[in-house]
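Listed in Swiss-Prot:
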BINDING   CYS94, CYS97, HIS109, CYS113  Zn(2+) 1 binding site
BINDING   CYS165, CYS168, HIS180, CYS184  Zn(2+) 2 binding site
BINDING   CYS221, CYS224, HIS236, CYS240  Zn(2+) 3 binding site
REGION    124-145  region 'Disordered'
REGION    183-210  region 'Disordered'
REGION    255-277  region 'Disordered'
REGION    298-347  region 'Disordered'
ZN_FING   90-119  zinc finger
ZN_FING   161-190  zinc finger
ZN_FING   217-246  zinc finger
ZN_FING   280-309  zinc finger
Amino acid sequence: MESGNERISSQSQGTIHLSKEPTFLIQQATLPSDLHSTLLQETQCGGLTKNIKANTQKRRPGTVILSKRSSRIMSETQPRPPVIPSRRPGFRICYICGREFGSQSLAIHEPQCLEKWRTENSKLPKHLRRPEPSKPQPIGGTDSHSLQAANEEAFQSAQAQLLPCENCGRTFLPDRLLVHQRSCKPKGENPGPPSMGSSNVPTGLKKASSGIPARPRTLICYICGREFGTLSLPIHEPKCLEKWKIENDQLPRELRRPQPQKPQPLPAGQSSQEGASQAALVPCPNCGRTFAVDRLPVHQRSCKSQPSGPKTSNSNIERKGGPNPPTNSKQQRNMEAPNGDKVTGVI
């Protein structure tokens, strides 16, 4: 009996112990189930992600197949890119230079561009000058078609200002054509007939057939033969003539020259200015070479003359290797001494 009571008491104590900590036991009892549920959720999520990855991997080749469709199908399904217009909408073209400007900027630009065009056109040779471009008449309406028509007319007006190169045929603006022709050489010997008659132009005014001035236009002074600009020559000639008179008066009478006359342009195309400058040259009385009046005295200092007059024959003999007078005093004494003295001297 006692042993049975002890067993009952031990069982009751165990139940009391269990009743004292019900939460701990409940947690111990519930932990395995929670872990199981969480593990199930994780495995389910992992399976879903694997399925999603597998599905995406399976779907990717489909996109590649879609990109390899024919161009016809692609053009039907995909949207077409927008068409960019050739010119910016709302901009107007200058009828002089062909550049684009806004509607408000064009009204400010056109007077300045026309003034610049007139200045550059006046600097060109006469055969390259162009008539002043006329502004096209405005077309009624404000739609895009009327603006495009006005721009097309202005563009054609600007293109009409271009000039073709005589050598290569390319077109340029008149002021740029001169720059181009400096490096564009003609292919043949005679690229084309010159527009300006070179026969009526003196050597100082001769230019290339293309009208490119390699240097500023010059004229030759009929007194001294030097070249001067077209504006500088009228200032130089009176001073040069006054200087010539002073220098001519200082010369001896036999060397004085008549006053040079200003030549008139010759119709045959001869260089009258060069002839006048050559006529103003004075020949040297010793050697016959011609010099300017002020340079002749400088030349005569080295080209000495004898008092009897010009001795051209002796000078010619000397040039040909004729007998020259002995310059050494010892040689001169030997030549003056008799032959017998020379023999006795040698013996």
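Using the three backbone atoms N, Cα and C, a Cβ is placed for every residue, glycine included.
Report note: the Zn(2+) 3 site is defined by CYS221, CYS224, HIS236, CYS240, and the residues of the same chain whose CB lies within 8 Å of the CB centroid of those residues, excluding them, are TYR222, ILE223, GLY225, ARG226, PHE228, LEU233, GLU237, LYS239, LEU241. The number of other CB atoms found within 10 A of the CB of CYS221 (Zn(2+) 3 binding site), across every protein chain shown, is 23. If you take the C-beta of HIS236 (Zn(2+) 3 binding site) and look for same-chain residues 6 or more apart in sequence within under 8 angstroms, you find CYS221, PHE228. Secondary structure of the zinc finger (161-190), assigned with DSSP and counted as helix (H, G, I), strand (E, B) and coil, comes to 8 helix, 4 strand, 18 coil. The secondary structure of CYS224 (Zn(2+) 3 binding site), as reduced to three states from DSSP, is coil rather than helix or strand. Here the CA atom of CYS240 (Zn(2+) 3 binding site) lies 39 Å from the CA atom of HIS180 (Zn(2+) 2 binding site). Other than CYS165, CYS168, HIS180, CYS184, the residues of this chain whose Cβ falls within 8 Å of the Cβ centroid of the Zn(2+) 2 site are, in sequence order, GLU166, ASN167, GLY169, ARG170, PHE172, LEU177, GLN181, SER183.
Remark: secondary structure over the zinc finger (90-119) totals 17 helix, 4 strand, 9 coil, with classes taken from DSSP.
The shortest Cα-Cα distance between CYS224 (Zn(2+) 3 binding site) and any of the binding-site residues CYS97, CYS113, CYS165, CYS184 is the one to CYS184. Rounded to the nearest whole angstrom, the C-alpha distance between CYS113 (Zn(2+) 1 binding site) and CYS240 (Zn(2+) 3 binding site) is 44. The binding-site residues considered are CYS168, CYS240; of these, CYS168 has the fewest other C-beta atoms within 10 angstroms of its C-beta. Working note on the binding-site residues CYS94, CYS165: by count of other C-beta atoms within 10 Å of each C-beta, CYS94 ranks first.
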